[in-house]
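*Asks:* So TrEMBL lists the following for this protein:
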type	residues	note
SIGNAL	1-19	signal peptide
DOMAIN	83-126	domain 'FTP'
BINDING	345, 563, 567, 593	Zn(2+) binding site
ACT_SITE	564	active site
Ligand SMILES: *[C@@H]1O[C@H](CO)[C@@H](O)[C@H](O)[C@H]1NC(C)=O
Ligand SMILES: *[C@@H]1O[C@H](CO)[C@@H](O)[C@H](O)[C@H]1NC(C)=O
Ligand SMILES: *[C@@H]1O[C@H](CO)[C@@H](O)[C@H](O)[C@H]1NC(C)=O
Ligand SMILES: *[C@@H]1O[C@H](CO)[C@@H](O)[C@H](O)[C@H]1NC(C)=O
């Protein structure tokens, strides 16, 4: 039986093996898997055919021309998604393409095309191009009901059997990839359920009633299956719900639950081509907190050595602790084809209650660069907001008029601002609006005690931690806002999908400040971050660590906060702002962890080189929470590409550790060449809005077409951060290590004309990811046989 290690878009920091023995810590159930499809990332540059006749071709026309060349299938239509954008930092236009077949969305097919000055720099491609074999499931118009009846009735027992997903000790769910987990169900146990389900179908569902009555003569039109998704969503909830009582109730009283669900049309997003075609809302779905969005789509699946389109019901399911995008086979509604967990809530940030003017805040915090309480003392820091990233500071929220212009500004005196909404969440619940936040009054002086004492028991340790909640929230708010401002300047802005309540008319979708929970009660010794698509709030849960007495507070360890916020950055930048399903499992999910570790480690590093562990203070162990500290020394950190062979490296955090180590080595090649900048923050803009070079930037000597010379970070560490961010935007959805490496090399070509080509290859090759590195037999969740290549391209020797 094939098995899959699941990761998730709700990416958690890790789970310490040694903490598993401590108490029954609450654990979030999360499902995550998808079929392995072909996908490629091709780096150019390629000259566009349009270049010949237009010296400044519109990048969208270039994309249209290009996609008409790559797609020859007459059933397909390709659309440019409306979250495509031109990056003002690099001048690169990132075009995201959605594929429809027979006017129906193919959920896991598409392209990302990177264009600058009429030249295609690189592109990712996972288009469906028809299979060698006639895909059986595509042919739904012929014998849909017959197939449904046959397959479904053979699996009635399976249908009602919940999939028991007890998390194994490493904290990751093990899910069967192909739905085979249902094969062993005992039919007799569920005889009654079969009756219940049939009865429901007769009453409510056109599609299933013909099946039950055995008279499926009507000409089936897929788009007319308005009642079709009910069995599929019911079955999905049996698997997805973490509530064992609810599951057994659903099995026992399936009829009631099914007949309580209602379906209505939902045309609210009908203008978004393809995606919401025939979208329905299903109400009263057990275990959910809002109506489930459901629509008909295709999923591309491996089939007979090629690929086929499987008709699926696609769902967006919001639950207390999960927020799933799931696809369930129409023919076999007990089979989940893919599932991605975004977590989070869809609530838009309402405005805070106490508007009051403020002078500019100050905070008693471990200042930026101090990784944790052992790295230095707290000091009073000013609200050094970046004028480009946060034009109104961290405590002011603009409100738009009907035309989208800023009409009024609400100033807050709490930790609620346009980028970040920070508060305690001791209850560990989803609700957050009314959670406690410190109110620093008109002076905005967030100066609070932090003086935890050793206590007797764990109950007292918790009481002790709660005493300094004001300081925790203040620190979390400060670190998170600086993260927002810093990465804004490296290009994580409104159009590329950043997190802000108001977007100042600069594009992208607003209403998505990050909700950050300090001392979140839903867990210990960890942290997590949920990234839904642009326009919906991100959510970060920071936990206490019961690794010492007094407890250690993750809110005070900048590296952990940066790692988590890094998930929001990498997920929104990879595959486009509207696609949150690109860094979920396997190598892609692993790199999602690795970027966070790399950025946290780079931010704390100084001119004097040092190795760094992750999470060492919170976990109260010098080696930290990974297998090795990040180090240039192979005797301290021996990770290479081949390390991924080890089964213990199949989970996302260990995979990420290998990627972060590679980035650390590569960044020091750049530091050796370009030196080290004491600060990663670019200079403030001048009063006319231009950005001075200062000692931070230099002007590019080269651009692809001689136009629009960009500013290049002058030093190795700041250059590496810039290349990493730019590469996230270039790489395809679900990238491999090779794709992500090639995207960084491509990013350097775009930014500098490729002047660091050899340093980048030398760095990657040092850890086995040279040009001839290969993998044999890789599965979507990891594994396979990895071949290190320590060589560099001959041009660099
Ligand atoms: C179905 O709805 C009725 C009426 O609202 C309610 O009393 C009943 O508890 C519901 N049953 C289930 C299983 O949710
Ligand atoms: C809100 O704060 C901003 C910046 O701190 C300030 O310029 C503005 O005057 C304040 N607005 C109100 C209504 O107090
Ligand atoms: C937190 O700060 C508020 C003032 O904003 C103060 O009234 C409260 O007592 C403080 N809470 C704790 C636990 O110190
Ligand atoms: C680097 O080391 C030197 C010599 O030990 C020391 O004087 C300096 O303060 C250190 N710099 C930083 C940024 O840690």
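Every residue, even glycine, has its Cβ placed from backbone N, Cα and C.
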*Asks:* Can you check how the pLDDT averages out over the domain 'FTP' (83-126)?
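*Replies:* Overall, the domain 'FTP' (83-126) comes to a mean pLDDT of 88.
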*Asks:* Among the binding-site residues listed here, 563, 567, which has the most company in the form of other Cβ atoms within 10 Å of its Cβ?
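*Replies:* When each Cβ's neighbours within 10 Å are tallied, 563 leads.
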*Asks:* Could you state the whole-number distance in Å separating the C-alpha atoms of residue 593 (Zn(2+) binding site) and residue 564 (active site)?
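*Replies:* Given the Cα positions, residue 593 (Zn(2+) binding site) is 9 Å from residue 564 (active site).
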*Asks:* DSSP helix, strand and coil counts for the domain 'FTP' (83-126)?
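*Replies:* When I sort the residues of the domain 'FTP' (83-126) into the three classes, I find 0 helix, 31 strand, 13 coil.
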*Asks:* Using DSSP, would you call the residue listed as 'active site' helix, strand or coil?
*Replies:* helix
*Asks:* Suppose we draw a 10 Å sphere around the Cβ of residue 593 (Zn(2+) binding site). How many other Cβ atoms does it contain, all chains included?
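*Replies:* Its Cβ has 30 other Cβ atoms within 10 Å.
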*Asks:* Taking the Cβ of the residue listed as 'active site' as the centre, how many other Cβ atoms fall within a 10 Å radius?
*Replies:* 29
